[in-house]
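Annotated in TrEMBL:
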{"type": "TRANSMEM", "residues": "30-52", "note": "transmembrane segment"}
{"type": "TRANSMEM", "residues": "72-101", "note": "transmembrane segment"}
{"type": "TRANSMEM", "residues": "113-136", "note": "transmembrane segment"}
{"type": "TRANSMEM", "residues": "163-184", "note": "transmembrane segment"}
{"type": "TRANSMEM", "residues": "191-211", "note": "transmembrane segment"}
{"type": "TRANSMEM", "residues": "231-258", "note": "transmembrane segment"}
Amino acid sequence: MSDCYNIYETFENLSNTGIKKAKQRIDHTIIKSILAGMLLSFAGVFLLTIGGGSLPLRDLFGTSIHKTIQALVFPVGLVLVLLTGVELFTGNTMIFIVSTLNKKTTWLQLLKSWIVSYCGNLLGCIIFQFVFVYYAGLLKYDPYRSYATHYAEVKGNTEWHEMFIRGIGGNWLVCLAVCLATSAREVSSKILAIYLPISLFIAVGFEHSIANMFTVQMGMILGANLSIGKYILRVLLPVTLGNIIGGGFFVGFLYWYLYLAKHEESHDHQDGDVQLPEKKPYHIVKQNDDTV
């Protein structure tokens, strides 16, 4: 047995995952969506804590080392999400595109999943922000508080098109992490498969809508000069749209087209129109028990 699924098997498994998600009870979907927002928030508070606490390293060694440190801690959030089977909106943008184009789920089921998981993720982040961070006083004092507010203000003042494009890149990498984790058979391999793309996305500065639901909103709760309206229009909206394109098109559609669309036909004509010589039938010979 191979240590991983091949690309065809991986996307067939993702398509089947879409079926399971579409058929599960609505209360399970809601609870899993809230949990996903909360689990990703663990990584969000980890990122803000490390980001604020490692500012002296940034002053000594530059911005790159600061971003790298943050990139090494944030992937734990997606590890928690994927290994516990909860509902993350950004992953569903890819999974349901694959299963729907593969005619195993409907567009209505896709919209239902996206809306429920998105709202549930948002609610989970809000609950975690107030209960487990704000009222717990985790980011109450500097340098953590000032870093969190500055973090939110920087994102709120970034150009709309920049946030949109960063959102495409962010969920492109997140969904590739989901694909790689799906292809792996062992837990250790899944964790490594998640860590590499997510670390890359954080280090280079791409955007993730659900991560921003925690980090940016946390900065706003702590006093950042960013209004709710500006946050929605300048951060949440462009990043969400970018995430849908990054996950839905660059991974979901393109890989469905390459590996699932007319799959049987691609197997029959792997070498184009070239006619291969007919193979003679062979007999299966029973091997001895000690044959490797």
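Residue numbers in this text run from 1 along the chain shown.
Cβ coordinates are placed from backbone N, Cα and C, and glycine is handled just like the others.
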Highest-contact recorded stretch vs the transmembrane segment (231-258), from 30-52, 72-101, 163-184, 191-211, CB pairs under 8 Å: 163-184
Positions on the same chain near the transmembrane segment (72-101), where near means CB under 8 A and six or more residues out: 11, 14-19, 21-22, 29, 32-33, 35-36, 39-44, 46-47, 50, 107, 109-110, 113-114, 116-118, 120-121, 171, 174-175, 177-179, 181, 187, 190-191, 194-195, 198-199, 202, 208-211, 243-244, 246-249, 251-253, 255-256, 260-261
